[in-house]
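One structure below.
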Amino acid sequence: TKCYVTPDVKSETCPAGQDICYTETWCDAWCTSRGKRVDLGCAATCPIVKPGVEIKCCSTDNCNPFPTWRKRP
């Protein structure tokens with residue numbers, strides 16, 4: 001499987017046994033001015049969701065592009 005991986009947000013072949021791509025987003029102290037933090041990568045299983053963290057998992061090549069945020073009006 002190939003997934004986008006941060007920090008460079010470039011497509012990389014996942015290590016053996018890691019066939020899941022994930023997109024993890026969460027708020028930190030700068031969330032209101034910079035938007036949510038984003039972490040992209042490969043995993044063997046979909047990571048456990050923690051409070052305040054949103055995780056999306058998928059299993060096709062490059063299915064985890066960097067999220068596009070809507071501008072606030």
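Numbering starts at 1 and runs along the chain as it is shown here.
For all residues, glycine too, the Cβ spot is worked out from N, Cα and C.
What Swiss-Prot records for this protein:
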| type | residues | note |
| --- | --- | --- |
| DISULFID | CYS3-CYS21 | disulfide bond |
| DISULFID | CYS14-CYS42 | disulfide bond |
| DISULFID | CYS27-CYS31 | disulfide bond |
| DISULFID | CYS46-CYS57 | disulfide bond |
| DISULFID | CYS58-CYS63 | disulfide bond |
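Feature map: annotations from Swiss-Prot on the structure.
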{"residue": "CYS3", "record": "disulfide bond", "Cβ within 10 Å": "26"}
{"residue": "CYS14", "record": "disulfide bond", "Cβ within 10 Å": "18"}
{"residue": "CYS21", "record": "disulfide bond", "Cβ within 10 Å": "27"}
{"residue": "CYS27", "record": "disulfide bond", "Cβ within 10 Å": "14"}
{"residue": "CYS31", "record": "disulfide bond", "Cβ within 10 Å": "11"}
{"residue": "CYS42", "record": "disulfide bond", "Cβ within 10 Å": "20"}
{"residue": "CYS46", "record": "disulfide bond", "Cβ within 10 Å": "14"}
{"residue": "CYS57", "record": "disulfide bond", "Cβ within 10 Å": "15"}
{"residue": "CYS58", "record": "disulfide bond", "Cβ within 10 Å": "15"}
{"residue": "CYS63", "record": "disulfide bond", "Cβ within 10 Å": "17"}
Per DSSP, CYS46 (disulfide bond) is which: helix, strand or coil? coil
Hey, of CYS21, CYS31, CYS46, which of those disulfide-bonded residues are within 10 Å of CYS58 (disulfide bond), Cα to Cα? CYS21, CYS46
At the Cα level, what's the spacing in Å between CYS21 (disulfide bond) and CYS42 (disulfide bond), rounded? 5
Looking at the disulfide-bonded residues CYS27, CYS31, CYS63, which has the shortest Cα distance to CYS42 (disulfide bond)? CYS63
Among the disulfide-bonded residues CYS3, CYS14, CYS27, CYS46, CYS57, which ones place their C-alpha within 10 angstroms of the C-alpha of CYS63 (disulfide bond)? CYS3, CYS57
For CYS3 (disulfide bond), the spatially nearest of the disulfide-bonded residues CYS14, CYS31, CYS46, CYS57, using Cα atoms, is CYS14
Just give me the nearest neighbour of CYS46 (disulfide bond) among the disulfide-bonded residues CYS14, CYS27, CYS31, Cα to Cα. CYS14
How many whole Å apart are the CA atoms of CYS57 (disulfide bond) and CYS31 (disulfide bond)? 22
